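According to TrEMBL, the features are:
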type: DOMAIN; residues: 28-370; note: domain 'Orn/DAP/Arg decarboxylase 2 C-terminal'
type: DOMAIN; residues: 36-280; note: domain 'Orn/DAP/Arg decarboxylase 2 N-terminal'
type: MOD_RES; residues: Lys59; note: N6-(pyridoxal phosphate)lysine
type: BINDING; residues: Gly238, Glu273, Pro274, Gly275, Arg276, Tyr372; note: pyridoxal 5'-phosphate binding site
type: BINDING; residues: Arg276, Arg312, Tyr316, Glu344, Tyr372; note: substrate binding site
Amino acid sequence: MAIGYQQQQLHIEQLAASSLLQQYGSPCYVYSKAQLLANLQAYQQAATGLDALICFAVKANSNLAVLQCFATAGAGADVVSVGELQRALAAGFPAERVVYSGVGKTRDDMALALKAGILQFNVESIPELRRLSEVATALGLEAAIAIRVNPDVDAGTHEKIATGKAENKFGISWQQVEQVYALAAELPGIRIQGVDMHIGSQITGLAPYQAAFERMLELVERLQALGHPIDTIDLGGGLGILYPDAKQAVAIDEYMALVRQYFANKDCRLILEPGRSLAANAGVLLCQVEYVKQGPAKTFLILDAAMNDLLRPAMYGAVHDIWPVQQQPQRASQCYDVVGPVCETGDTFSMGQWLPELAPGEAVAIGQAGAYGAVMASCYNTRALVPEILVSGNQSALVRRRIEIEEQLSWDQMPDF
Ligand code: LLP
């Protein structure tokens, strides 16, 4: 357990959260390198004997130091913008281990990715396919593509993160897909390489995957029978983790057993794009209690971290663990609404949360913050952008400094008029 209590003190690997807070200030994100790598190894080990490339979904945590951990350990990267592509390359992912998804690729984006020599474009529409053909031809290059197929299954997840239903903006509809492969086969500058899907995020059961894999398997066979060269099968990401309100989660090896069951003998390279399941449980947001406010009906624990630092609770109603940094078994518990200082009612981490009684200045950690945490942070309310720290054993490193207010002021300019 890379993040847990030792002698009643929350530790990230061998370092006490309290000493990290002292050193780096509050609030700050802290990641465990050992946990990041253990998560990747769970995928890699479960994929033994398969030709599988685990491409970390960079959107989940794009800090260069985090990316470097995965790149060095043999992973690939799934990017959805050229910004992410540049991060992936800077962190050491070879271009031939990078896949590029996303519905809005511009001509410049395509040119940059083509010149970098990425492994695969996951194409999401006919106009995108035509544009990619034009850009590749103009550059005298060839784009290796997979068509992102929308398998029209219900991932049973939050509506803001479901992507595989017919009404979502992602992928090519099930009905249209053969026609799009026929077009791709004719377009210059395009080389059909595989198929791609991604049905959503925080998926906590195997059934949606099973339904989608069924369809993909049938599709691969159909496309191959039509003479299309299908050498890669990209199954996207989406595997959920055990947030405190999740009734269940699927273990990485259970998920991989399903992948194996469907695709092991297809003689294709498998690509997986996990984000959350690689990074979420490897990170915490450390922060402090600023005030305890007694309202007429409720007691508010007002933290120095807010929705701008960790948006998930406000945006998706997500629930994260909240751990006192110092365990206090002898203290009475108290029911709190745990909130941040931002001027929005939605700036709430947890309502009706039972915790040991806490006093101003005491530290707490918000769990499962390694994925979709720092990447979704903003400076809303002109708050400093939280720093990020990577821990390995008894060592820690500042891997993104705090972006202070003075620096933010310097981003703006007064006009001449
Ligand atoms: N591949 C594609 C094409 C994706 O769109 C995504 C996530 C992934 C892979 C990685 O999915 P994961 O394994 O992390 O579930 N901000 C939301 C999550 C949005 C996910 C968007 N796409 C959250 O905080 O829950």
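Yeah, the Cβs are placed from backbone N, Cα and C, and that goes for glycine too.
Automatic, uncurated: that is what TrEMBL annotation is.
Small disclaimer: the values here were computed from a predicted structure and weren't measured.
A 10 Å cutoff on Cβ-Cβ distances gives Arg312 (substrate binding site) a total of 21 other Cβ atoms nearby, all chains included. Cβ contacts within 10 Å of Gly238 (pyridoxal 5'-phosphate binding site), excluding its own Cβ and spanning all protein chains shown: 30. Arg312 (substrate binding site) carries a helical DSSP state (H, G or I).
Spacing of Tyr316 (substrate binding site) relative to Gly238 (pyridoxal 5'-phosphate binding site) is 16 Å (Cα to Cα, whole number). By a simple count of nearby Cβ atoms, those within 10 Å, the most crowded of the recorded positions Lys59, Arg276 is Arg276. Of all the recorded positions listed here (Lys59, Arg312, Glu344), Lys59 has the Cα closest to the Cα of Pro274 (pyridoxal 5'-phosphate binding site). It is 11 Å from the Cα atom of Glu273 (pyridoxal 5'-phosphate binding site) to that of Lys59 (N6-(pyridoxal phosphate)lysine). A gap of 16 Å separates the Cα atoms of Gly238 (pyridoxal 5'-phosphate binding site) and Arg312 (substrate binding site). Within 8 Å of the Cβ centroid of the pyridoxal 5'-phosphate site, not counting the listed residues Gly238, Glu273, Pro274, Gly275, Arg276, Tyr372, the chain contributes Ala57, Lys59, Ala60, Ser201, Gly237, Leu239, Ser277, Leu278, Ala371.
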